[in-house]
Structure formats: structure tokens, C-alpha cells
């Protein structure tokens, strides 16, 4: 059977499987993917790999620590001599000649002692291999752990911290840039970096015919590229040209190569003879500011392309770099795009911890070496190693990095990077997942970001193109898509496997040409050659689909550059795709379950990288695949999986404006109050919200079904009517049914914890002069202690309000250190926790519970970005009601839909209405009930006709309209009202937390204006728009009172004659008696001085201008 027959058989098998079967298979395959990897496996896998392998690699990279007593590490020179002996040179004659080789006396290790010592403490990631809660199942929940908790975060000093995945530049490939024209061999180690640059020859005699020359930057020095070729063993110019092997007739390229040869002749005339080129390279390297201690041969062996062994291989790789640069300059090769994910790697907890520990371990080593050096410089003997090694260096360094969020820069040792660690959000389980799947690109906001904020084609299927914050982080902070998977570091060596697939070895010889063979690059290293790249790549992919090669291996065949690039490193974004040519295997065996590992082993699914996907032809779905199966090599599981976890659960998201979906996915879903954990009674969060009666929506999405997580929805199903109601639901306001709220709708509780700690008597860190602070009840002048017991803590159920002492602390002398409830804080004591921390201090936490029912000013939102505040609470008897007696819970304004372009909410209400109502029997059908349409998955939603027919079968209007009666008059309303169930969310923005009221209060000492903090009795933020509103309403007296009298009222003196500012001074008039008052120094009189009332901010501005030498003239009028 030939290839055409095989393809036709595969096409027939795919068509015979049917659309329904394939869609069901895609759903089960996605479910098995989430069961295998979950949503946060990238965080756990990275940390586990660091613990099992990366940590040991860090210590092995430092090698042995050598401490010599004659070396002063502070002065970086030999130390002082204690016992000096003067030697003089004498001549010794011997009658024997030296024959044979030199012999050396090696140092012999007399004693080897091994012992376990504490180097430092490393935080343990929750649910990792080191965590005691890593076990799964009901037993874990019985121990008090949360059933929603998937781990992936750290607990640092009682706060939950999470790593934000960092997008860093890939160092596993050559980097070609056009500004300036360079090709770089990047490495995290500075000495291993190598750059070839094509620049103008500044030493040319005729600047009009100045040609570009090739130079290299190696070990902080600049060397002509032709000299480096000969230093690596190239014997002739022709051999160097053959290594470059530029296949083109561009005159500018030829001139650049000739100019490069001339430049090499200019700096070293006889570089082709002997070792002159190597000598010149040695001279340049040793002339740098910080020359290496190794010889030039060792420098070329250790620092120049350390992945290649042999100078001839290094010369060949240098010729390859030059060819890449010249091809890009001639327009035959594209420059690298820094915004493409093919040129990026995702750094997670393992890589970030490894880099940070390396910095602190180097610090601890230097500190230990200095202490041992000081001990050896004296007469004393060395003490045990733990006496010199300070374990707090690593422990405190990591704690400081977690607390401040500033971590080591990946390429610059002296700089720190912020935004690496953030507090884990706990408003609801969805917010927690979003924080764990977030990525961040580090750029300078002050400079030109370029296209970094814009979506890139490489984001497709790996990064959600809607989930990004607004503001300065827009486009820089992203969220991984549902099926996005971060690759882990491969442990097994694949080089030997590549030889079995047809790869030829790269010989250490520059005289043999490649003869049209293609280069094979493994993680950026040139490992071999292949004669037929097409068959070689086909064999690699076939073996990968049979699990003979790593499943996360990425294989790219570049026909234009004659390269085969293979990647097995960590940090690449992968995603699963259906392999079309292997779908016929599903017909042979149709199990009820599809383990994801089994699908990968069978080659039905494979993990595709970004570069490999460039050669794939992917169908957008099963429907598109079945139309033309021959045209596609791969197929998507579902288009909704291209979105992030917060976007994929939005119903009818493809019908809404993108901005509204962004608001829901990035703001509202993270601010929605839900049920954040199953163990709230044992947690001591600073602030948490819990919804009393959370519900799941009536509709379903494919993502929520595959994830099997109903807790991703945080809200309740409300009957929503689209109508105007007494004008109270204009401008983002909604009207709610008061009776529904009294029945418990959207009722929640807020739990706030207050924490305090005290030192124990045996605490080492407490200063000796400080008094010991202990918990206890004492008479307090700052607040009331009526609810406190003798131990200083309130009793359970105590009703506490503003001014009460919540935790009593005092010293032996009676000094009060208690914690008082601030302004607007109140609640009922729910629990009191007393424990101790790792630092030996006792700490206490008191949690206050407060029930919050919706009130005016609270914020609500649907899942379509339709946000609004509660503007009016209407009695149920005054609400409009339908013929069946249904009274809506919420009434929103119809003008909210055209401007915000959210027809998806109307479709959701119509679909939910058809789901909630009973389905009538279909005439002429044997089935008792027709099949319900429940799915509202983005990009595969049911059509409008299907939704309207479902409503019609249920006995309702096709378009969801209802005939209603006026609740106030009982008359039937003329117009029909659209009504249906809609999933609404209550957000954390509540008026009780934001309302401000004050007459006068604390002011800023400089501007004398009210402070901003609400808990400090601060004022409200009053801007130009608020001022314009009061002016439009004619409330000038209120405006004058609020902005002047109760804010920063002040006065200043003006001279009406010269119109300048008059100071209040103390002077002695002709009468001889000292007086103090306003006086105009310009007019030398106080006769025309008047007093005016101005805000102190205006007066301060005038005084600052006066100090700058700017004089102001004031016109005054009598009022």
C-alpha cells in the first residue's frame, strides 16, 4: 500500500468516526490532560526538580573551597610575614644530567571528615515533594486541609507568597540583531558570552568608501574575526571562507569579508605564520581590566563555546555564526524577534530559587573564608566548620527576597528585579488559580516598550489574548491558556538516540566541507549533521510518538537555513494537539476513558512547541477538520482552550466586546465573593470574604466540565429584568428586590484578623535593655477593655466596636502596648489563636466576623462585564410581576447593552431560562423529553435559533419577553419586558468599607489639608468633576463649606496699593512701642493692607513662588 492509499484510508476512518464521537473524545482527552497535569503542575514540577537536582548542582558548581593562611582576602594580596627568613641565590653544580620527564610531588590528603551541618533554610512549596500535605484524597481534607488547595505557593512569615513566572530571553540559540548588526552567543555566565559584530571600519583611510568589517567581542576585548579563525587552527584564507560558506553574490558582503581580512593584516601583519594569531589573542585578553588567570589555550577551551570540544569544531561554529550574520544583513535570514515566545523561556520557582541561592551561598562562602583566614592568621587552631559558616545568610536572604519581592537579575549580578513574588489572592478559588498561572515580562516603563504589549502570533494557544490588566502592566502581565504547559528539564541524554536516527558526527576537522549536509542543533549546541533533513525529522517525530524519545522534545526543520533545531530544555511553552494521521487508531479501540499518557504513547496526541507549530497545519476544530482532512496535520481540541481559565468559563464570550470580557476575566472574577476555602475556621487571613449561599450557574462551558471545578463560579442565579424603574437604575446603577435580600440573597460575611506577637523570656534577639512585653489585661488609656479576659484576649462572641482593645499587651512596669480597633472597624469575635513562630516569639490572632447584607452603594457584576452599584432597594410588592407571578430580583437599565456591546448576557438569560423551565413533550416523538441545550462554550455556542426554539418548547416567548403588571397600580404594562435568570456576582467593593464622613479632623502638617486615610478620619477625594456637579446643582454654599471652611481655611494680607503680599512682622514705629502686624515692605506702610481668606494650599503655592523669585500681583474687591 503506497502513501496515497494510506492517506485515503486514514481519511475514510476519520470520516467514519463521526463528528459527535470526535467531539466527545476531545472532551475526554482534555479532561485526562487536566487530571494528568492539572493547572499548576508547572510550579510544582519546577520546585521539585530544583530540590531533587538543581540544589545539588548549585553546590557542585562552587567546587572545593581552598583557604590559604598566607592570603588576605580583604586586601587581595599576600599577608604579613610573622617569621621571615632571608634567602640568597646560590649556584649548585651537579654531575648528573636530567633525562626523562618532570616529576611532581602531589599534596596528599591525610584526613577526610564528613558531617552534616546546617547551611540554611529553604522555604517549602505547598504540595511539593517536601510538603506533608502533598497527599491527595479525602484523608487530606480530614486533617483540616482545604479541598480547593492545589499548592504551588509558599508560606513566609504567615503570608502566602507565589512566584510570577518570568519571561526571560532564551540563551539556547543564536541571537541576531540589526541595531547594531550583531550575532550573539548568549550565556548566563559573562565570560562565556560571545558576540560577532558587523560595523563600520573606523580606521579606514577613505570614509566615503568605508566598508563594514567583522569583529568579535570575547572576554571583554575586541578581536578581528579573521585573527580568531587562525588562532583556532585555520591554516588559510580559503579555509576560513569555506567555513563561512556564504552562498551569495552580494558585493557588499564580499567587500566586508575583504575589509575584515585587511583589518586583520593591519593589526597583525604575520598572523598567518606560526602562532602569531594566538599570541595576538593572548595579548588582547591579558590587556583587559580584569584578565583571566588561565592561559590563552585554556581560555579558548573553557570560555569559547564550552559546549564544543576541539578548536576545529569551535572554528566551524564561528564560521556558522558569521554566516548567520551575513545572511541576515543580506536579507536572506530574519532577525530574531524579542517578543516571540520561541525566543523566550519561562522561569519558575526552581530557576529563580537556584539563582538566588547561588548569590547568597557565594556570600556565605566569602564570609566563611574570611573568618577562617582570620583564624589561620593567628596562633589558634581551626574550630569545627559550623563555627564559621553562618546559616542565617541564606535563610535571611531568602526571607528578605520573598518579603520585598526583589530577586537577583538573570544577567546583571549587581541588580535586583522587582515583581517576581506577589501575595496570593484568596478572594475566591478562581483568583488563586489566576495568580498561579500568571506570567510577567520585565521591561522598563520609562523606556520604549515597542511591541511587547501587543499580541504576537506565538501567543496562540499558549497565552490568553484577553486576560491582561489595564494600566502600565497592560500586555506585559499575561495568563497562560488552559492547555498551556511549561516544559521541564530533560534528564536523559538524547545525543545517542539522535545517532540511531541517522545523525552523523561532527568531526574536529575544518578542511572537510559539509557538502550540502544540514546542521543538527540540540539546545543551541551543534551536535552533528544529517544528509536528508526531511527523513531525519520524520524519524524523530515517529519515535517521539512511540515514546522512544522524550515527549516534550521540540523538533524544528528549517528548510531555508538548512538546520534541524531540537530543544529539550526547560521553560518552553507547549500545548497538546490532535495528530490527524493517527486518529484512525480510535476506531480500533473505543474505551470509556482515555488516559493522557496512553494518548501520547499512541501518537494520537502530541505536545507541540512554538517553533514546531510553525510547520504544522492546524484545524480550528472537528467541524473544520472533517471538511478537508487531507489539508491538515493537526487539530485543536477546542477553540475555548485557547483562552485562560478566567475567560474560558465566560458564557457566550465570543458575542461580547473584548473589553468587557477583559474586565470580567481580569477584575470582576477576581473580586467576586465566593467560598474561598473549605477550612475557614482554622485560617487566620488578614481579611477574607465568604458568600453564604454560593450557587453554580444553569449553563455549562466545556472548560468548567473538563476541569470539574464548580467552585470557579462565585455568585448566584438572579432573575434579572431589563427595564427602567423610577430612574434609579441609570448610569451603572441597579435596583434590587428588598425581599430577596432579606431572604439571604448575596449575603456574605467578612472576617478580619488582628495579629500581635511578644518576645519570650529566653528570646536571644530581644535587647537586654528592653522590657518584656507580654499578653495580659491592663488599664488602658487608649481604648476600652470591657471585652477582655485576664489573659488579654476577648471572649468568643464578644461584640466589639470602634475604640475597643482587641489584644491586650503590657510590660512589667505597666506600659500599654495593646492593639485597638480603628475607626469604622467592628465585629463579633469568632476565634482566638495563640501559638509561636520559628523565631521563638509567641503570637496571637483574633478574628472578628461581620455579616454583610447588600446595601446602597455595593457593587455587583454579571459575567459579561456589566458592572453596577446598588442604587435603590425596592419593596417586592412594588416590583413588576409576570402572569405566572414571577418577581425579578434585579432590574437593570436597557441602555447598558448598546453602549457596552454585551449581547452575550441576553443570550445567557434566554438560555438559562430555557434550562430552568420544564421542557414540554415533543409531538410525534417517542422520547419523553427533548434534549436540553446547556452549553454556552465560547466559539461553539448554540445558535440563536436553537435557543429561541428551546424557549418556545417550554411555553415562553421565543425572544424571552414577558407580559408584566405594574406592582404599584396593578395595571398591565403596555410594553413587554425581557426577563430571565442571569448569573450575578457580588464584588468586594462595599459602601461600608468606602463611605467617609467627617466635620473636621486630622490634616497634613505641610498642606493643612485633610489626610487621605479613612481609618484616620481622613477626608474624601474631591476632584474637578465633583466640583462641577455641585456648581451645576447650584450648591455654592455647600461647595464653599466643603472645599474651604472644613478643609484648609486660611488667610493672607494683601496691599491694595501695590497689589503684593504683605508679611506679618514685628516692627517699631516712631512712637517707640513694638507692634506686630501686617506690613507692606514695598510701600513701607500698613495703611492699604487688607485681609483676605484663601485656601492654605493657594497660600503655600504663592510662598513657594516667592521663594523662587516670582512675584505675584493680587486684585482685591470688597464683598
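Heads up, the Cβ atoms here are built off N, Cα and C, so glycines get one too.
Note that the structure is predicted; figures quoted are calculated from it, not measured.
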Zinc finger range according to Swiss-Prot, out of 1055-1083, 1084-1112: 1055-1083
Residue 732 (Mg(2+) binding site) versus residue 1058 (Zn(2+) binding site) - Cα distance in angstrom: 53
Additional residues surrounding Zn(2+), by Cβ distance to the 1055, 1058, 1080, 1083 centre under 8 Å: 1056, 1057, 1059, 1060, 1062, 1081, 1082, 1084, 1085, 1088, 1089
Integer Å distance between the CA atoms belonging to residue 732 (Mg(2+) binding site) and residue 1080 (Zn(2+) binding site): 55
Cα distance (Å, whole number) from residue 732 (Mg(2+) binding site) to residue 1055 (Zn(2+) binding site): 51
Around the Cβ of residue 732 (Mg(2+) binding site), the count of other Cβ atoms that are within 10 Å: 15
Within the zinc finger (1055-1083), residues counted as helix, strand or coil by DSSP: 0 helix, 14 strand, 15 coil
Euclidean distance between Cα atoms of residue 732 (Mg(2+) binding site) and residue 1083 (Zn(2+) binding site), Å: 59
Cβ-Cβ neighbours of residue 1083 (Zn(2+) binding site) (radius 10 Å): 16
